[in-house]
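Asks: The following block contains the structure, expressed as structure tokens.
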Amino acid sequence: MMPFMDLILSILVSSVLLLNCKSSFHESPRRDAGSEVTSFFYVGGKYENFTIYVEEYVPQNPTQPYPIIFIAGAGQTGTNWLTTPDGRPGWASFFLDHGYTVYLTDQTSRGRSPWYPGIGFMVASGTSDIETLFTSTSHNLWPQAHLHTQWPGTGKVGDPTFDAFYAAQVQLQADQPISEESNTKAHSALLDRIGPAYVLTHSQAGSYGWRIGDARPNLVKGIVALEPAGPPFDQKYPYTGRARPWGITIGEIEYEPSAGPNATDLDTVIIPAKDQDHTECVLQSEPPKLLKNLQAIPALVVGAEASFHAPYEYCTAEYLKQAGVDVEFADLGEQGIKGNGHMMFMEKNNLEIAEVVLTWIQKQ
């Protein structure tokens with residue numbers, strides 16, 4: 001039996017430790033991780049919801065003036081960028097090695113970012129969805145699917161690499177307007193905190209990148225969009241219906257002249273597909289309205305050869321170009337980088353694709 005005074009002393013010491021832990025809960029102390037210094041913090045939102053978890057990685061000898069913010073796509077977290085599912089170095093290490101400070105975020109209501117029950121609704125992806133769209137596309141659900149060769153392993157349930165990838169899938173906020181709006185605000189708050197940066201988005205997060213640039217044009221040095229949510233306006237396989245009334249976003253983005261209330265003044269026209277392996281595009285009628293704030297921000301849209309985005313990725317680049325954005329379209333297949341799917345930054349040649357992005361950033 002612990003003596004009474006010893007028990008009291010133990011409780012007091014524990015209380016002090018708990019208070020110290022509570023006071024440092026929202027931001028960790030920096031710690032040496034060998035080649036870089038790391039920390040984490042929360043930013044944006046309110047006390048109960050819509051803050052984002054952020055990890056900061058700083059090289060021991062930074063050589064680049066602007067950091068890179070990485071925002072993962074649907075069902076993913078910042079861990080996407082750390083290593084590949086089969087254990088190879090990820091893009092975070094690559095850009096750290098090239099002197100960039102790196103910020104990895106978890107979207108609002110995602111992963112380590114808080115979610116207040118009752119706001120929107122949460123969903124998760126089953127194994128068949130992950131196989132069909134990302135890892136094992138040996139089918140004909142889109143014309144380029146059979147070209148997919150770069151996923152490590154079989155891409156099927158039971159394969160160690162697939163199982164590691166699927167274990168990293170998390171629930172996501174399925175109310176897309178809530179997700180886009182909250183992530184735009186939280187990542188804008190991150191820019192307010194850290195200053196000018198490049199914003200790198202993947203998939204679902206693509207529309208956030210456009211809106212973050214629209215909200216903070218003086219702080220976004222460039223936008224790298226890896227197969228961003230698209231194409232403009234209307235969904236394509238595996239989704240259907242009207243999704244982005246503002247062209248490249250769900251929520252309001254600034255045009256000049258104005259797009260009107262709820263984008264009702266955006267007139268569109270259908271442009272025929274460039275060939276049988278691609279879809280038609282919805283662009284603006286001439287003369288187009290210009291994306292007022294995005295015009296000042298250079299953008300890179302990256303499309304993979306075998307992805308389900310492959311039939312329509314060029315439409316997003318064409319829409320941005322028509323609206324006055326300084327955009328470059330990196331069609332990986334046409335550049336000789338073959339066999340990639342939607343999760344290109346995790347695949348066997350992930351660092352070859354990282355070189356494409358690095359080259360573009362260094363030109364800005």
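Glycine is no exception: its Cβ is also placed from the backbone N, Cα and C atoms.
From a predicted model like this one, the values you see are computed outputs, not experimental measurements.
According to Swiss-Prot, the protein has these features:
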type	residues	note
ACT_SITE	Ser203	active site, nucleophile
CARBOHYD	Asn49	N-linked glycosylation site
CARBOHYD	Asn262	N-linked glycosylation site
SIGNAL	1-18	signal peptide
Asks: Residues with Cβ closer than 8 Å to the Cβ of Asn262 (N-linked glycosylation site), same chain and 6+ apart in sequence?
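Replies: Looking at Cβ-Cβ distances below 8 Å from Asn262 (N-linked glycosylation site), excluding near sequence neighbours, one finds Pro245.
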Asks: C-alpha of Asn49 (N-linked glycosylation site) to C-alpha of the residue listed as 'active site, nucleophile': distance in Å?
Replies: 23
Asks: Which is it, of Asn49, Ser203: the one of these recorded positions whose Cβ has the most other Cβ atoms within 10 Å?
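Replies: Ranked by Cβ atoms within 10 Å, first place goes to Ser203.
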